[in-house]
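Peer 1: One structure is given below, represented as structure tokens, and several questions about it will come after.
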């Protein structure tokens, strides 16, 4: 069965994006697949703005354990987060920065509660570089400007979805894994979505949805956005 057929139960490409946007607005999670000729993996995504300890615990329990905080380039620069390495030779050019931890309000930094505290600290509208310790247990990723139209990665897809949902442009992702430790492909991702009542969409869906929609100005103004935290 083709990936298109497997995704039919989640709607048309446009419906899949709009259902994901609605879920994120309501503080829920979504599952994002990248291209079949790329990683072909499902990532569990939540907004930083609405992130809860229960959601973080779900990511740690059901995912790879490497919880990443997706940021715009402007936000990463504002927080003084340099690249993890000078020469990024990873296959997909995944833009990790140095890892981070909140300086206040955490113990070891690895618990779900502590990681949520770190995420909230890094994404609060008046966050400063000195609010964060380096290294830590949260791994920031920097999205390319213009999102999936510049790079078809989960990082860019996450930030695009936050903009489309009119949320703070920061999101959390973690690769979904199977019980045996292997990576979840589309069939396993769909089964997880059914169990947890989550929408599923693809990077291709976001690319198609964004065609004709210009988010570049949103990216340029994404350095700071004041929000009411829930």
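Placement of Cβ uses the backbone N, Cα and C atoms for every residue, glycine included.
Grabbed the feature section from Swiss-Prot, which reads as follows:
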{"type": "BINDING", "residues": "38, 39, 43, 151, 152, 153, 154, 155, 175", "note": "D-ribulose 5-phosphate binding site"}
{"type": "BINDING", "residues": "39, 154", "note": "Mg(2+) 2 binding site"}
{"type": "BINDING", "residues": "39", "note": "Mg(2+) 1 binding site"}
{"type": "SITE", "residues": "137", "note": "site 'Essential for catalytic activity'"}
{"type": "SITE", "residues": "175", "note": "site 'Essential for catalytic activity'"}
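Each of the listed features needs to be described in terms of its position in the shown structure.
Peer 2: For residue 175 (D-ribulose 5-phosphate binding site), the same-chain residues that are 6 or more apart in sequence and have a Cβ closer than 8 Å to its Cβ are 41, 42, 43, 44, 63, 64, 66, 183, 184. When secondary structure is read from DSSP and collapsed to three states, residue 175 (D-ribulose 5-phosphate binding site) falls in the strand class.
There are 18 other Cβ atoms within 10 Å of the Cβ belonging to residue 137 (site 'Essential for catalytic activity').
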Peer 1: Among the binding-site residues 152, 154, point out the residue whose Cβ has the most other Cβ atoms within 10 Å, with all shown protein chains included in the count.
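Peer 2: Compared across 152, 154, the most Cβ atoms within 10 Å surround 154.
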Peer 1: Determine the Cβ neighbour count for residue 43 (D-ribulose 5-phosphate binding site): the number of other Cβ atoms within 10 Å of its Cβ.
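Peer 2: Its Cβ has 28 other Cβ atoms within 10 Å.
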Peer 1: How far is it from residue 154 (D-ribulose 5-phosphate binding site) to residue 137 (site 'Essential for catalytic activity'), counting Cα to Cα, in Å?
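Peer 2: Approximately 20 Å lies between the Cα of residue 154 (D-ribulose 5-phosphate binding site) and that of residue 137 (site 'Essential for catalytic activity').
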